[in-house]
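J.: My questions will all concern the structure given below.
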Amino acid sequence: MSTTETHTTTFSARLDLQWTASIRPGLLHAHPDDLPSLLGPRDWSSRRLPIIDEHVHAIYGEQIRALLARYGIDHPDPLVLPGGESAKTADTVERIHRYMETHGVPRFAEPLLVWGGGVAHDVAGYAAATYRRGVPYITFATTLVSAIDAMFALKVAINSQYKNRVGSYHPPATAYADPAFFSTLDRGQILDGTGEILKIAIALDGGLFPVLEQHGPRAVAEHFQGRDPATLAILHRSVSAMGEELSNNPFEHDPQRASYAGHGISPGMEPEVSHGVAVALDLLVTTMIAWRRGAVATPYRDRIVRLAHALGLPLWHPVLERPQVLFDALIDTARHRGGRQRIPAPVHEPGRVRYLDGIDLAELHRALNDLHHAASHDRARRTQWTSTTGE
């Protein structure tokens, strides 16, 4: 045999993933007789390591400890982490790694218990993904945006020079949310989740759109505390739609994802604008682009604008006065999506999208002018408005 002969073998494997997400009222008062699986199986170990966002710990720390006691959970003192995007760093991940190493966490038997919002999910999930090549964790979403998006996402990440630049795919074994946690959120945090729900209604679940039109403003005003069918339907439909979208394309091998709606120029608004509000503003700008291109009829365009305002979301922010910054964000978005923009935009009716490419700075500027006119028009918030040319 020639020493230069090449031998190549191709291998293939399938990764079977299964995880659950549950919106369940009364979690902090749960009892093992009624919900034995809440904190994971205890065939091998009844020990757990709690990781808690500092704001959650300040309000619910004693109730969380009482919950662990009812379940007979052996645990060290919780690791309390700072909240906010500034905490999504390698240093925070290292703190979690040291916590796990100090207490000798095995690879499979002792899932981390994580209480907090999207930041807690991201940073603890990334720490879990990178310790022993992946240890399990269970999340308890305490913010609206994490309940309908982050808590059951496969993606986990930390920030480096840019947001979410370092990450992996490592979903929680189970994800829970209790709307009671939302009662202590401020209005801005509720609007963050509302922006993501609006995205779902526009891009994923058309049936959710009229539910939001009829019941959304009340649900937002009540911080989603209602136990009426409409409020619960908003939450349940949002989780189901996002979960189905993620499970159909879990590792983003197809860069055309409807759930990318609202995430084209929004990175250029953050952190000056909070994430969910930036998503909503992005959706509105994208709607104007789609309308200009003839993909969205004027009545549906106006429904989107009216619904955003009715939900309490802003129609304008000074950050939109910097189109070059937003366009730079769009350039980076294209880098992440295989060299094309692939912007999901509304088309014809709720629940459907068309993927837009070729948006240049001039087109973005026209869309911003259209949105500014909508936001400033006296009747924009209640009735149809007539757009200027924006040129």
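Using N, Cα and C of the backbone, Cβ positions are placed for all residues, glycine too.
Pasting the feature list from TrEMBL:
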- 80-189: domain '3-dehydroquinate synthase N-terminal' (DOMAIN)
- 193-324: domain '3-dehydroquinate synthase C-terminal' (DOMAIN)
J.: Write out how many residues of the domain '3-dehydroquinate synthase C-terminal' (193-324) are helix, how many strand and how many coil, based on DSSP.
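T.: Tallying H, G and I as helix, E and B as strand, the rest coil: 88 helix, 0 strand, 44 coil.
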J.: Work out, from DSSP, the number of helix, strand and coil residues along the domain '3-dehydroquinate synthase N-terminal' (80-189).
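T.: So the domain '3-dehydroquinate synthase N-terminal' (80-189) is made up of 45 helix, 24 strand, 41 coil.
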